[in-house]
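Q: Straight out of TrEMBL:
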DOMAIN    41-269  domain 'Radical SAM core'
BINDING   56, 60, 63  [4Fe-4S] cluster binding site
BINDING   100, 132, 192, 264  [2Fe-2S] cluster binding site
Ligand code: SAM
Ligand code: DTB
Ligand code: SF4
C-alpha cells in the first residue's frame, strides 16, 4: 500500500473522538501508528526558497506577502534560475533532500515566468533532490507541464475549515483550493496539503480541517502543520501564539488519520520549545524545514536543529543515501529490530 491510497473514509464524529482524547493517550496511539508505518527515527529535512516575494493579490489575513497589508516584507521579482539552484545546492549540502519553491502569486500564468519555474524544477531534480512548488492556483495543463519537468510535489494548503475560511481569505474560495488540489493529483504529482493553527479558529475548525485532509482522495503525501507566525501589519499580527499542546494534538491526529504521509513541522517552530518539538516527533511528525528562513520569516538555525535531532536520537538521510533497513532499536531478542517489528497490534 502506498501513501497515495486512501485507506479508509473518516467520519467527522470519528475524527472528533480522536481529537478529544486525553492528550497522552492520543500521543501514545499516534506513536503506535507512526511506528507501524514509518521509521520513527527518520526525519526529512526540507528547505524553502521564496522565488518571488510579496505584492500578492490575495488577502490571506496571516500573510506578510499580501499586497493588501503593509508588512516589513520587501518585494522581489521572480528570481533567475541560477541563484535558485545555488540555494538548492547549498540546502542539499546541509542535508536537505527536498527543496520547496514558493511564489507569492494568486495563480500561475502561462508565459516566460512559468517557463523559468519549469527550468528551476528541472535543475532541482538534476541535483537529485525532491522538488516541490507552491505557486497558487494551477490549471490541469499547468500541472501536467510541472509533472513533465519532474516536479515531485505541489504544496497547496487548505489552511483551516471550510466554514472559517472566509474569515481569513476573501479573494478565493475553499472550492478554488480543492480544484487546484484535484488538478495536481490528476497530473500524477504528489499533493502537499496542510493548514495553520492560531488563526483564531475553534477546536471544531481544526477537527474539520483534519477531517477534510484525511478524506482527500488520494490522501496527501505530505501534511505541513504551520503555527501562525504573527507578522506586523497583517490583520492577525496581535493573535496569541498557538498553545503548544494543541499543536501536538493536531500533529498526533494528522498522523493517525494519514499514517504514511510526511507530517511536517512547518512555520512557527522558532517559538516552540525543544521539548514540545520532541513530543511532536513522538506523536509522528517526521519532517522539518531547515535553514534560517522559511519564506519571509525566521526559522531555527541549522545547528539548533542538528543538535535537537542528535539529542533525540533521530537522523536525517542525505540525497542518495538509502533508507536504513532497521530502525536501530534494540529488539527484545537482543538483536536490532526491523521497523516492521515495531508494528503495533491492530487498533480497534
Ligand atoms: N501563494 C501560495 C499559496 O498561498 O498557496 C504559496 C505560498 S504561501 C506563503 C504557503 C503557506 O504558508 C500558506 O498556505 C500558509 O499555510 C503558510 N503561511 C503563510 N504565512 C504564514 C504565517 N504568517 N504563519 C504561518 N504560516 C504561514
Ligand atoms: C507550508 O505549509 N509552510 C511553508 C511551505 N508550506 C511553503 C511556508 C511557511 C511560510 C511562513 C511564513 C513566511 O515565512 O513567510
Ligand atoms: Fe499570496 Fe500565498 Fe500569501 Fe495568500 S498565502 S497572500 S496566496 S503568498
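Sequential numbering from 1, following the chain as shown.
Just so you know, glycine gets a Cβ as well, placed from its N, Cα and C.
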Q: What whole-number Å value do you get for the CA-CA distance of residue 192 ([2Fe-2S] cluster binding site) and residue 63 ([4Fe-4S] cluster binding site)?
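A: Computed Cα spacing between residue 192 ([2Fe-2S] cluster binding site) and residue 63 ([4Fe-4S] cluster binding site) is 19 Å.
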Q: Pop the Cα-Cα gap between residue 100 ([2Fe-2S] cluster binding site) and residue 60 ([4Fe-4S] cluster binding site) into the table, whole Å please.
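A: It is 20 Å, counting Cα to Cα.
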Q: Scan 100, 192, 264 for binding-site residues whose C-beta lands under 6 Å from an atom of ligand 1 and note them, or write none.
A: none
Q: Do any of the binding-site residues 56, 60, 63, 100, 132, 264 touch ligand 3, in the sense that the CB is under 6 Å from one of its atoms?
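A: By the Cβ criterion, which requires under 6 Å to ligand 3, the hits are 56, 60, 63.
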Q: For the binding-site residues listed here (132, 192), which one has the lowest count of neighbouring CB atoms within 10 Å of its own CB?
A: 132
Q: Count the other Cβ atoms sitting within 10 Å of the Cβ of residue 56 ([4Fe-4S] cluster binding site), across every protein chain shown.
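A: Its Cβ shell of radius 10 Å holds 22 other Cβ atoms.
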Q: When DSSP states are folded down to helix, strand and coil, where does residue 132 ([2Fe-2S] cluster binding site) land?
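A: Looking at the DSSP assignment, residue 132 ([2Fe-2S] cluster binding site) belongs to a strand.
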